[in-house]
Structures are given as C-alpha cells and as structure tokens.
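Asks: To start, I am sharing the structure in question, which I have written as structure tokens.
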C-alpha cells in the first residue's frame, strides 16, 4: 500500500474503503513509519504542529449503577477506588486554576453515574460560569446520559463540549454492558448537538473486539460528526470483568490512531486513557496521527507526570495550543 498516496486521496476528499481501513490495521511493522507519515500529512494540514492539552477533574467517583465491564466505577467492579458524591463548586474551581496555570486549554469535568441529577447540574453550571469569567478555559463536561433541558442549561452556562463515548461498535456493545444500549449513547450525542455544544465521543480499544469492530467505530464517529474523538486503550483494572485482558501492543495502537486520522481527517483525535501503559516508549509517535492528549491523572488510574508530557512535546518540536479567552484574569 502507498500510504502517502492514500493520505493525498483523503486530503482530496475521498473516503477510504473497508479494504484500505483493514490494511491500515494490518500494516506490516516495517511500513509503520510510512503509515504514520501519511497520517501526519493529514494531521499537519488541519492542525499544523499544535497539540491540544486536556485535564480531567473527577468530580464524582464510583457509586455507578451501570455494569460496564471495563470500568472500575461500575456496580459490578470490586476494584478498591475512591468513592464520593459530586464535589462542591470550590473544588471544581481549584482544578480549573491548576489547569490554567499549567497552560492546559481544556478542562474536563467528569462525573460517574448513568446521568446527572438536577442538583449536580446546578453545581456544574455555577462552577462553569465562574471558570469562564476567571480563566477563559474551554470546558468539557462528561456527566452521563443527558436530558434535553439539562443540555441546554450546560450550554447556556458556557460548556463548550460534552463527552459521551460510544466506547465500541454497535455489534460489540452488548458484550461490554447490558445496563444501557448503544443507541442510548448515540441519542445523548445527538442531544448535545441539538443543544449547541460541540460533541465529543470516542472509543476504548482492546476489549476483545475485532478489527472490523474498530473500523465500524471510526466510521460511526464520522457519521455522528463528533468534533473531538478520544481514543482510549484499555487499562485493564483488577476487580473488573476485563481484568487481565492484554490484547494490545504499541505498534497496533499506533495503527489504530492512524486509522482514526485517515477516516476522520479534520477532527481532533485525542490519545486518552491507557496511553502510558499501552503505547509505552512509542507514545511520541502517536502524536503524528493524533493532535490532542490528556495531561495528568485519569479517573481512577495515574497518568504520566506532567513534566514528562511537556518534555515529550518539546522534544517533538510541537507547540501547545493554549489560547484562553482574552477576558480571563
């Protein structure tokens, strides 16, 4: 396969075929750098050498009634994680201050559970208004399944983006959870779009899905027109049904990132949870396909030290995309 020719076709507006998508996932290791060169050509066209940085605030941990097999916060998990109800506004603001001082442009407020209560929405709305006035950061919320009126309140408060992952393909979804459907997740993404927020939706790779499932995920997100696509790589946690699952290697993870770039050329693609344990020493190469990362810790697992991420970006010669609103103090 001529990967640069394929990249040029994508830049000319063509969609890759299923055979070409499968060829990306089956790319011989000795062609991997050529594949990434093609992905980088696409990435650079739309994003240059800039990298978007995101930080997570785990605003509510554990206590979730859902039965997602990958998640340490689910009702069926026995993982020893911190559990607490929604934090107060001041705690959310403290996290935003840390993000601003670290030059992290997007602050992500995440809460466990099937969906937020109106009281939890009240806390987030109050915090977001002050974050916007004080720091001018972009704010992403991830609170579960939303009612239309809740989505409108978040939009009016200043939430820029709302995350609700599809996680896997529609066909594989029943193998991951039975407490909600794939269509439930899609409806929430549509609710977000209807409210005027930017839709963020992504996947988790390494949950015993097939390569055809991975291709279906990338195409589904294209059809949903998700502006931001977090690509997680399973960090199997003891005490979850997927405990001990180890299907991934760093080279395959890079091929997955390339696939998402070839299929979703104009979108923000973020290397998300599991980056450190799955890409390992090949983490820097991932940014030739992706243009965004999380900095700091994830929900219940530790991330790489911030200074190591900033050093990685400096070594790559990439620039941090940090442009808070001009009215921030």
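The backbone N, Cα and C atoms fix where each Cβ goes, and this holds for glycine too.
From a predicted model like this one, the values you see are computed outputs, not experimental measurements.
Swiss-Prot lists these features:
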BINDING   64, 68, 71  [4Fe-4S] cluster binding site
BINDING   108, 140, 200, 270  [2Fe-2S] cluster binding site
DOMAIN    46-275  domain 'Radical SAM core'
Asks: Between residue 64 ([4Fe-4S] cluster binding site) and residue 108 ([2Fe-2S] cluster binding site), how far is it from one CA atom to the other, in Å?
Replies: 19
Asks: Note the Cβ centroid of 108, 140, 200, 270, the recorded [2Fe-2S] cluster site, then list each other residue of that chain whose Cβ lies within 8 Å of it, in sequence.
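Replies: Nearby residues not in the site list: 54, 106, 142, 161, 163, 228, 230.
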Asks: Near residue 108 ([2Fe-2S] cluster binding site), how many other Cβ atoms are within 10 Å of its Cβ?
Replies: 23
Asks: For [4Fe-4S] cluster, what surrounds 64, 68, 71 with a Cβ no more than 8 Å from their Cβ centroid?
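Replies: Here the nearby residues are 66, 67, 70, 72, 73, 74, 75, 77, 112, 177.
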Asks: What does the structure give for the C-alpha distance between residue 140 ([2Fe-2S] cluster binding site) and residue 71 ([4Fe-4S] cluster binding site)? Integer Å is fine.
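Replies: The separation of the Cα atoms works out to 20 Å.
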Asks: Could you round the CA separation between residue 200 ([2Fe-2S] cluster binding site) and residue 71 ([4Fe-4S] cluster binding site) to a whole angstrom and send it over?
Replies: 19
Asks: If I take the alpha carbons of residue 108 ([2Fe-2S] cluster binding site) and residue 68 ([4Fe-4S] cluster binding site), what is the distance between them in whole Å?
Replies: 21
